[in-house]
Amino acid sequence: MEPRALQASLTLLILVTSSYGGHLKSGPTLKMDQALLIFHNQLAEEVQVFYTSDHCYKCLYQHLVTVKPNNNNASVVISTKFTLTMQVDSQSRNATLCRWSQTYGEGGHYSVWIQMSESASCTDAVDKIPNNVYLPLLVAALLLGVIALLFAVAPYIFRRRCSSECIKSICCQGSQYSVDNDEAQACEVEEENTTKAKPTRLHSLDTFRGFSLTVMVFVNYSGGGYWFFQHAPWNGLTVGDIVMPWFVFIIGTSVVLALRSMQRKGVSRLQMLRKITWRTVVLLMLGFCFLNYSPRDGPLSWSWLRIPGVLQRLGFTYFVLSLLQTFWGHEEIPLRAHHWWNPVQDVVLYWPQWLIIVLLETLWLCITLLLPVPNCPTGYLGAGGIGDDGLYPNCTGGAAGYVDRWMFGDNMYRYPTCKELYRSTQPFDPEGVLGTINSVVIGFLGMQAGKIIIFYRGINVHILCRFLVWAVILGISAAILSKCTRDGGFIPVNKNLWSLSFVLCMGSVSFLLLGGMYYVTDIKGWWGGQPFIYPGMNSIFVYVGHSLLGFYFPFSWEMRFQESHWEQLFQSLWGTALWVLIAYLLYRKKFFLKI
């Protein structure tokens with residue numbers, strides 16, 4: 001699930017080259033998301049330059065460069081991903097001369113003049129205008145929009161042409177038996193079959209699953225190198241953070257619909273348990289044996305093998321949700337007699353499931369907020385390292401990290417998203433034990449969506465209204481817990497921890513997206529879900545395939561133009577498009593990998 005470790009790292013890359021006694025004639029070669037910053041010291045004393053990133057919560061200032069006195073200068077290559085706060089200190093005066101925050105542009109050259117007027121001051125100038133970092137995205141969006149428009153218009157043109165040929169053949173040939181007349185009859189039969197045929201699957205669910213999977217593939221293929229397509233350093237949300245919760249939500253909806261279908265077909269509970277167990281074991285083994293290991297890693301060794309993982313979490317979540325539905329799900333929806341709880345019957349009738357989920361969430365809250373962690377404050381939710389004024393360097397993830405390190409030792413993810421920016425040293429796995437509890441919770445919210453679809457089948461207004469109500473309730477709850485801030489809430493939105501506010505926020509968004517797609521695809525029929533429906537119907541194949549083959553040609557290659565996002569964005573889109581194409585070809589061949 002994580003993007004490639006090195007490409008997705010949110011490091012503040014600092015390369016220092018110095019030139020004393022004169023001006024720099026040429027700077028180092030800049031790469032993607034880098035800028036050149038030149039400090040000119042016109043004071044008669046040596047100064048130290050420090051920095052911190054505004055995305056790093058309460059982080060200690062880190063040393064950047066030392067600039068010698070008397071018109072000497074020094075240059076540094078800095079990251080342009082986030083806003084930086086710079087601070088110039090004088091050691092001889094033991095004072096801060098100046099401080100400023102600025103977002104630097106990719107490929108830009110900047111000068112900072114440290115000089116004395118009435119007091120020491122810093123003035124900046126742009127020596128070379130930076131690149132437009134969003135231009136590749138704009139071009140890609142326009143091209144994808146044109147392609148989508150062509151695919152949307154083409155079927156209408158084809159149908160109109162077919163209808164014209166049918167009418168022409170009927171008018172010209174009359175009732176004679178001819179090839180044209182047969183074609184006209186075939187067109188009529190095809191139209192009749194098309195209008196009368198009812199979908200056997202919920203198109204919106206396949207479309208939502210395929211959309212989530214497509215975005216997931218794009219993110220895992222580095223997302224063009226843009227930070228907002230990768231995972232957040234710690235707190236907050238990016239595109240890379242939202243796709244897996246969508247997928248878990250869809251699992252919950254699918255569990256309800258699939259098991260209800262099996263129950264109506266007369267499948268026994270024992271048979272369902274066998275199928276559930278088999279699918280769970282296969283998912284766990286796929287994740288453990290294949291996706292956590294690649295031939296590129298060298299000989300397989302238990303000393304570095306990662307135990308948690310994406311498919312492991314999905315498999316365990318699927319297992320728990322399926323058990324809930326198997327043992328405490330209604331085989332038949334009861335008649336809607338007049339009861340006070342009719343407006344919430346899709347909740348009340350499943351009270352044992354809700355009781356278990358409430359107990360699980362209470363367990364998560366108690367462990368997360370009350371478990372004593374050695375040398376760490378109780379209830380700590382930070383990234384550790386240099387964050388929180390450097391007071392808790394070894395407390396990454398608080399109780400969640402402590403539990404995982406106690407259970408798995410070093411067999412965990414080695415490149416947490418906070419490692420570079422927060423300079424944390426402790427391993428932390430985003431698919432850890434405590435996060436899996438909340439994964440079950442968001443999957444259960446997906447089950448609630450499935451129950452709504454079943455309870456109010458044929459009453460689309462009720463389905464959409466209840467989706468909207470759930471989205472509003474969950475969204476308001478997430479806003480209260482996070483205080484609508486990135487770092488200042490009671491429980492911040494955090495994908496690494498799968499915090500409660502993160503689960504509620506993603507549940508709200510999932511209800512809105514599923515409701516929108518249900519309206520467009522299943523109610524109005526304005527959109528068939530293409531092209532997302534194709535990977536959505538072959539999700540296991542696409543996910544496992546892109547994870548195993550993503551480092552190999554033709555899905556990726558060694559990039560030669562690394563000074564901007566153009567080639568990397570093209571590579572990410574190309575690899576994603578190939579998997580969508582493969583899914584389409586498999587769909588045409590009626591090949592669907594099922595477990």
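Easy rule for this one: first residue shown is 1, then count along the chain.
Note: Cβ is positioned from N, Cα and C throughout, glycine not excepted.
Note: TrEMBL annotation is automatic and uncurated.
Note that the coordinates shown come from a computational prediction; the quantities given were computed from them, not determined experimentally.
The signal peptide annotation in TrEMBL covers 1-21.
As annotated by TrEMBL, transmembrane segment applies to 133-158 (among others).
Same-chain neighbours of the transmembrane segment (211-230): 1-4, 7-8, 10, 32-33, 81-82, 133, 136-137, 140, 238-240, 243-244, 246-247, 250, 417, 513, 517, 531-532, 535-536, 539, 542-543, 546-547, 550, 555-556, 565, 568-569, 571-573, 575-576, 579-580, counting only residues six or more beyond its ends whose CB sits under 8 Å from a CB of the stretch. The transmembrane segment annotation in TrEMBL covers 211-230 (among others).
Sequence annotations record features per position, and here TrEMBL assigns transmembrane segment to 242-260 (among others).
Marked as transmembrane segment by TrEMBL: 276-295 (among others).
If you look up TrEMBL, you'll see 310-328 (among others) marked as transmembrane segment. Same-chain residues lying 6+ beyond the ends of the transmembrane segment (310-328) with a Cβ under 8 Å from its Cβ atoms: 1, 244, 247-248, 251-252, 255-256, 259, 269, 272-273, 276-277, 279-284, 286-288, 291, 350, 352-353, 356, 431, 435-436, 439-440, 443-444, 447, 543-544.
Annotated transmembrane segment per TrEMBL: 349-371 (among others), in sequence order.
Marked as transmembrane segment by TrEMBL: 433-456 (among others).
Here TrEMBL flags 463-482 (among others) as transmembrane segment. The list of residues near the transmembrane segment (463-482) in space but at least 6 beyond its ends in sequence, with Cβ under 8 angstroms from a Cβ of it, reads 346, 445, 448-449, 452-453, 456, 489-493, 500-502, 504-505, 507-509, 511-512, 514-515, 518-519.
Residues of the same chain lying 6 or more positions beyond the ends of the transmembrane segment (497-520) and with a Cβ under 8 Å from any Cβ of it are 202, 204-205, 207-208, 211, 237, 241-242, 245-246, 249-250, 253, 361, 364-365, 368, 381, 397-398, 400, 430, 434-436, 438-439, 441-442, 445-446, 449, 453, 460, 463-464, 467-468, 470-475, 477-478, 481-482, 489-491, 526-527, 529. The annotation transmembrane segment is assigned in TrEMBL to 497-520 (among others).
Same-chain residues lying 6 or more positions outside the transmembrane segment (532-557) and placing a CB less than 8 Å from one of its CB atoms are 201, 203, 205-211, 213-214, 216-217, 220-221, 286, 290-291, 294, 296, 311, 571, 574-575, 578-580, 582-584, 586-587, 591-595. Taken from TrEMBL, the feature transmembrane segment covers 532-557 (among others).
TrEMBL lists 569-587 (among others) with the feature transmembrane segment.
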* Asked: Can we call the transmembrane segment (569-587) and the transmembrane segment (242-260) in contact, meaning three or more C-beta pairs below 8 angstroms at a sequence separation of 6+?
  -> no
* Asked: When you check the transmembrane segment (433-456) against the transmembrane segment (242-260), do you get at least 3 Cβ pairs under 8 Å, counting only pairs 6 or more apart in sequence?
  -> yes
* Asked: Apart from its near flanks, which chain residues at least 6 from the ends of the transmembrane segment (242-260) lie with a Cβ under 8 angstroms of it?
  -> 1, 202, 205, 208-209, 211-213, 215-216, 219, 272, 310, 314, 317-318, 321-322, 325-326, 329, 439, 442-451, 453-454, 495, 502-503, 506-507, 509-510, 513-514
